[in-house]
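*Asks:* Got a structure for you, written out below as structure tokens; questions coming shortly.
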Amino acid sequence: TEGPFFYIPMVNTSGVVRSPYEYPQYYLVNPAAYAILGAYMFFLIIIGFPVNFMTLYVTLEHKKLRTPLNYILLNLAVADLFMVIGGFTTTMYSSMHGYFVLGRLGCNMEGFSATLGGMISLWSLAVLAIERWVVVCKPISNFRFGENHAIMGVSLTWFMALACTVPPLVGWSRYIPEGMQCSCGIDYYTRAEGFNNESFVLYMFFCHFLVPLVIIFFCYGRLLCAVKEAAAAQQESETTQRAEREVTRMVIIMVIGFLVCWLPYASVAWFIFTHQGSEFGPLFMTIPAFFAKSSSIYNPMIYICMNKQFRNCMITTLFCGKNPFEGEEEGASSTKTEASSASSVSPA
């Protein structure tokens, strides 16, 4: 059923379909599902905000963590905080009421925040892939990834993300409630007159999904070949090679995590766009949409788990300047420090 600013995946033969901005949508699924949805969003908020804020705070507090590579990783934390503060709180509040109680303004805010966070994350991973390719493969001789390059990379991620998320706010496509009608996203569902949804969805998928993915896969394809060649030729010291491998491994795991979280949502959205008129239930889009939102917690978790230097700094911050585990980490830290001086970036 299509309304002026909404689309509900249900034929209105019974006459019970109501605007998701004005009435509870309990006729779509059991009311308990909305309670579960609200609890899930609360979980993401109480985990996502502290770990991303801690990532931001610890990196800014410890000077040795302020490396060019970490600028991009900080950008990921900022993007996740946008999702948590601007999107998750709105969705949780809507789930508690069973409909989008904040109206179209809240829908635009939630859809914009969630999409912006996802786009910044994807383009940040593309920039990280380029950085890894340039540092490891050395297509440009004597090139060092410095602070100016990192700032340019961060600026690029925001420019591209805003180029994708602002148009629906000004009339090229739109944000509408989706799934159980408690979260909002791009209108993949309708051919509403005056919004040009078809052209925007094609633009979004090709320019803001396929292009960064092609960049990522190209860079890591070349990188894997270069790593094998360097290992065979022993062109660099073992310490340098180990440092670069650890950084690369962390970034690749971040890419895999992004794909695991967002690829189901993108696939379902593309299916709905290319099969408009097909029958599907409210959970068909709700499950992948809320699975994608979990991406806000995996990046800092990966960073904390795989970066010993950051982990030591975080423990020092949490224990008011002291690290009770310093003796256990001393050997690993000294190795990491040595690798940092040998590598052109700070190893993770």
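Cβ coordinates are placed from backbone N, Cα and C, and glycine is handled just like the others.
Annotation comment: Swiss-Prot describes 1-33, 94-107, 171-199, 272-283 as topological domain 'Extracellular', evidence class a curator's inference. Taken from Swiss-Prot, the feature N-linked glycosylation site covers N12, N197, and the record attributes it to sequence analysis. The transmembrane segment annotation in Swiss-Prot covers 34-58, 71-93, 108-130, 150-170, 200-221, 250-271, 284-305, and the record cites similarity to another entry as its basis. Annotated topological domain 'Cytoplasmic' per Swiss-Prot: 59-70, 131-149, 222-249, 306-348, in sequence order, evidence recorded as a curator's inference. Feature annotation from Swiss-Prot assigns disulfide bond to C107-C184. Per Swiss-Prot, the feature N6-(retinylidene)lysine maps to K293; the stated evidence is similarity to another entry. Taken from Swiss-Prot, the feature S-palmitoyl cysteine covers C320. Per Swiss-Prot, the feature region 'Disordered' maps to 327-348. The compositional bias 'Low complexity' annotation in Swiss-Prot covers 332-348.
Map the listed features onto the structure and describe their local environment.
*Replies:* If one looks beyond the transmembrane segment (34-58) by at least 6 residues along the same chain, the residues whose Cβ comes under 8 Å of a Cβ in the stretch are 26, 65, 73-74, 77-78, 80-81, 83-85, 88-89, 91-92, 95-96, 98, 180, 182, 286, 290, 293-294, 296-297, 299-301, 303-304, 310, 313-314, 317.
Taken through DSSP, the topological domain 'Cytoplasmic' (59-70) splits into 9 helix, 0 strand, 3 coil.
Sequence-distant contacts of the transmembrane segment (71-93) (same chain, at least 6 residues past either end, Cβ-Cβ under 8 Å): 37-38, 41-42, 44-45, 48-49, 52-53, 55-56, 59, 101-102, 106, 109-114, 116-118, 120-121, 124, 127-128, 131, 147, 150-151, 153-154, 157, 161, 182-183, 254, 293, 295-297, 299-300, 303.
Outside the topological domain 'Extracellular' (94-107), and at least 6 residues removed from its termini, the chain residues within Cβ reach (under 8 Å) are 5, 20-26, 31, 34-35, 37-38, 41, 175-177, 180-184.
Counting only residues at least six positions away in the same chain, the Cβ atoms of Y21, F100, Y175, I176, P177, C184 sit under 8 Å from the Cβ of C107 (disulfide bond).
Tertiary proximity for the transmembrane segment (108-130) is limited to same-chain residues at least six positions away from its ends with a CB under 8 Å from its CB atoms, namely 69, 72-73, 75-76, 78-80, 82-83, 85-87, 90-91, 94, 102, 153-154, 156-158, 160-162, 164-166, 168-169, 175-176, 183-186, 208-209, 212-213, 215-216, 219-220, 251, 254-255, 258, 262, 292-293, 295-296, 299.
According to DSSP, the secondary structure content of the topological domain 'Cytoplasmic' (131-149) in residues is 10 helix, 0 strand, 9 coil.
Only residues 6 or more beyond the boundaries of the transmembrane segment (150-170), in the same chain, are considered here, and those with a CB under 8 A from a CB of the stretch are 68-69, 71-72, 75, 79, 108, 111-112, 115-116, 119-120, 123-124, 127, 130-131, 186-187, 200, 204, 207-208.
Nonlocal intrachain contacts for the topological domain 'Extracellular' (171-199), taken as residues 6+ away from its ends with a CB within less than 8 angstroms of a stretch CB, comprise 2, 5-9, 20-21, 25, 28-29, 33-34, 37, 87, 91, 94-95, 98-100, 107-108, 110-112, 114-115, 269-270, 272-273, 276, 282-287, 289-290.
Sequence-distant contacts (6 or more apart, same chain, Cβ under 8 Å) of N197 (N-linked glycosylation site) comprise S173, R174, D187, Y188, T190, R191.
When pLDDT values are averaged over the topological domain 'Cytoplasmic' (222-249), the model yields 70.
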*Asks:* With every protein chain in view, what's the tally of Cβ atoms within 10 Å of the Cβ of K293 (N6-(retinylidene)lysine), excluding that atom itself?
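*Replies:* Looking across every protein chain shown, the total is 25.
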*Asks:* Indicate whether C184 (disulfide bond) is helix, strand or coil by DSSP.
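*Replies:* Looking at the DSSP assignment, C184 (disulfide bond) belongs to a strand.
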*Asks:* Going by DSSP, is K293 (N6-(retinylidene)lysine) part of a helix, a strand, or coil?
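*Replies:* Looking at the DSSP assignment, K293 (N6-(retinylidene)lysine) belongs to neither helix nor strand, so coil.
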*Asks:* Pick from C184, C320: which of these recorded positions has the biggest number of other Cβ atoms within 10 Å of its Cβ?
*Replies:* C184
*Asks:* What is the interatomic distance between the Cα atoms of C320 (S-palmitoyl cysteine) and K293 (N6-(retinylidene)lysine), given in whole Å?
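*Replies:* About 32 Å separates the two Cα atoms.
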